[in-house]
Amino acid sequence: MKYPNLLERFLTYVKVNTRSDETSTTTPSTQSQMDFANNILIPEMKRVGLENVYYLPNGFAIGTLPANDPSFTLKIGFISHMDTADFNAENVQPQVIENYDGGVIPLGQSGFNLDPADFASLHKYKGQTLITTDGTTLLGADDKSGIAEIMTAIEYLSAHPEIKHGEIRVGFGPDEEIGIGADKFDAENFDVDFAYTVDGGPLGELQYETFSAAGAELTFQGRNVHPGTAKDQMINALQLAIDFHNQLPEADRPEKTEGYQGFYHLMNLTGTVEEAQASYIIRDFETDAFENRKAAMQAIADKMNQELGRERVILTLKDQYYNMKQVIEKDMTPIHIAKAVMESLDIQPIIEPIRGGTDGSKISFMGIPTPNLFAGGENMHGRFEYVSLETMERAVDTIIGIVSYQEK
């Protein structure tokens with residue numbers, strides 16, 4: 001095995017519960033992420049050869065591998081996140097399936113199975129080593145595979161000084177899954193020309209386009225009277241919420257869109273006749289389309305208020321992150337390098353938009369162009385999550401190839 005510590009490192013990481021908490025007011029949102037960084041990652045970062053290793057109050061563990069050849073002038077960063085998604089992460093018991101035979105994989109004693117009939121991606125991995133869940137938790141390959149791959153690449157480079165490279169910065173951060181991890185990223189002191197998040201999915205993913213994203217919070221104010229005498233008096237706040245929703249295009253919902261299509265997504269609807277609340281997320285790739293979606297919601301609210309004779313529909317819009325393509329397309333060097341390295345490794349680059357966001361979305365707008373590399377995970381965020389060890393090894397190869405790349 002080229003990277004003998006990769007599997008054990010990954011298994012150690014995923015057994016630690018680092019689930020983030022969107023209701024928390026602290027950064028990191030959970031103490032477990034802080035403990036994971038200080039008790040496991042920081043000591044290991046030092047062991048694998050990183051220097052100037054420290055932990056910031058913003059939740060990031062940072063380290064540097066100095067250049068070993070002055071002809072490599074580019075300084076490159078690699079970033080992954082510690083937290084896992086909103087699914088049970090307590091007592092993760094990963095299964096290691098060696099030489100996968102292409103059949104159904106029972107997930108422990110849970111009664112759940114990984115079945116190629118349900119998950120066609122499994123067909124790609126026959127003969128490989130797969131790491132799965134036991135059916136009671138997620139796995140945490142998103143994004144502990146990325147952390148393990150970066151750590152393993154640094155370990156390998158430290159042990160092989162004949163591989164020449166420039167300065168490398170590493171950052172492991174919190175709370176990506178709840179969308180706030182990069183808000184306090186110290187870009188000024190993460191001194192690199194560009195970086196990569198190692199937070200993608202299957203082999204070959206190379207992404208530099210994300211959604212632009214906003215959140216919409218709506219309050220609907222009704223007027224409650226006895227339903228027996230309600231004619232021309234009652235204003236049902238729940239009905240206002242329904243009326244608002246029905247004025248949004250039915251085709252512009254997540255379950256009906258793909259590729260570069262944007263959407264409105266109703267996340268939550270609660271209330272009574274007197275008052276109701278609705279939460280939406282708004283997503284699109286193009287700036288004009290993104291702005292038009294927000295304007296359309298405001299126009300619906302304004303129209304309803306005009307018809308109601310007073311402000312009963314209160315809309316608050318808040319931008320969350322923007323399509324990092326706006327930054328990265330100004331200098332495609334990180335994409336050209338990653339693509340060239342993958343091709344040299346016989347990896348077919350898969351350059352597609354991310355129908356979501358990464359920490360790189362925000363970090364790019366802080367002045368560090370940060371596209372996304374594959375980390376290997378499949379079926380992320382749930383009990384059917386799995387990852388191929390061979391794909392993780394290829395991610396390590398890619399990281400090493402990027403830092404040692406020079407134009408011929």
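Just so you know, glycine gets a Cβ as well, placed from its N, Cα and C.
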Figure out which of D134, D142, D346 sits with E177, H381 in the Zn(2+) 2 site per Swiss-Prot.
D142
In Swiss-Prot, the residues H81, D142 are said to bind Zn(2+) 1. Which of D21, D199, D232 is said to bind at that same site?
D199
Going by Cα-Cα distance, pick out whichever of the recorded positions D83, D142, D199 is nearest to H381 (Zn(2+) 2 binding site).
D142
D83 (active site) and D199 (Zn(2+) 1 binding site), Cα-Cα, nearest whole angstrom:
12
How big is the gap, in Å, between the Cα of D142 (Zn(2+) 1 binding site) and that of D83 (active site), rounded to a whole number?
8
Whole-number Å only: compute the distance from the Cα of E176 (active site, proton acceptor) to the Cα of D83 (active site).
7
So what sits near D83 (active site) in its own chain, CB-to-CB under 8 Å and at least six residues off in sequence?
T18, R19, S20, P28, S29, T30, Q33, P174, D175, E176, E177, I178, G181
Give me the sequence-ordered set of same-chain residues, not including H81, D142, D199, with a C-beta within 8 angstroms of the centroid of the Zn(2+) 1 site's C-beta atoms.
S80, D143, G146, E176, E177, T197, V198, T358, D359, A375
